[in-house]
Amino acid sequence: MAPHSSSADAGPPVWHGTTILTVRKGGKVVIGGDGQVSIGQTVIKANAKKVRKLGKGDVIGGFAGATADAFTLFERLEAKLEQYPGQLTRAAVELAKDWRTDRYLRRLEAMMIVADKDVSLVLTGTGDVLEPEAGVMAIGSGGNYALAAARALIDTDQDAETIVRKSLGIAADICVYTNGNLTLETLTA
């Protein structure tokens, strides 16, 4: 008899979901994300909001990963933004330091894209604070698809919002953990 695996063998269920994309073009920065949350092969929620304004509305962000973990990180980032007003990069680096060294924060499973009028950044639990080379960056299960689509469109005459919408649509067509229920936030750069 051939071996098989069951959900009992696999450990806790794996949560999947989301694609977050940022595009900076033409004096605007847009972060967009889809609304799907899945556990295993089941869609649990189709209209989750994973993109939001932070601080005083001068920073926007999106997350991929565990929702509670992401909101904890957003709260910590907002505290750092209060400590370092108008300095998103400094606030992000300080959060990344805490994320790597704090015993509680180290267990959080999420990634974030944040942006203000000057800079877009990806923050990871490994302490990375990365700025995109061409104003385009993506995270999450469909991130590579959205990133490829956005890179293909960045040099066209389409604006940042259109590129985000089209790229997330392409990701949703390819990635089973991404849907077409989009949330976008925009800042004038």
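Residue numbers in this text run from 1 along the chain shown.
Using the three backbone atoms N, Cα and C, a Cβ is placed for every residue, glycine included.
Feature list (source: Swiss-Prot):
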type	residues	note
ACT_SITE	Thr18	active site
BINDING	Ala172, Cys175, Thr178	Na(+) binding site
Checklist entry - For Ala172 (Na(+) binding site), which DSSP three-state class applies? => result helix
Next on the checklist: Cβ within 8 angstroms of the Cβ centroid of Ala172, Cys175, Thr178: which residues besides those meet this for the Na(+) site?
Outcome noted: Thr19, Asp34, Gln36, Ser141, Gly142, Tyr145, Ala146, Leu168, Ala171, Asp173, Ile174, Val176, Tyr177, Asn179, Gly180
Checklist outcome for this item: Cβ density check for Thr178 (Na(+) binding site), other Cβ within 10 Å (all protein chains) comes to 29
Item to check | List of residues, in chain order, with Cβ under 8 A from that of Cys175 (Na(+) binding site) and at least 6 apart | outcome: Thr19, Ser141, Gly142, Tyr145
Item to check | DSSP-derived structure type at the residue listed as 'active site', helix or strand or else coil | outcome: coil
Next on the checklist: Please list, in sequence order, the residues in the chain of the residue listed as 'active site' that are at least six apart in sequence and whose C-beta is under 8 Å away from its C-beta.
Outcome noted: Gly33, Asp34, Gln36, Val37, Ala48, Lys50, Phe63, Ala64, Gly65, Gly140, Ser141, Gly142, Tyr177, Thr178
Item to check | Where Thr178 (Na(+) binding site) falls in three-state DSSP terms | outcome: coil
Checklist entry - Near the Cβ of Ala172 (Na(+) binding site), how many other Cβ atoms are there if near means within 10 Å? => result 22
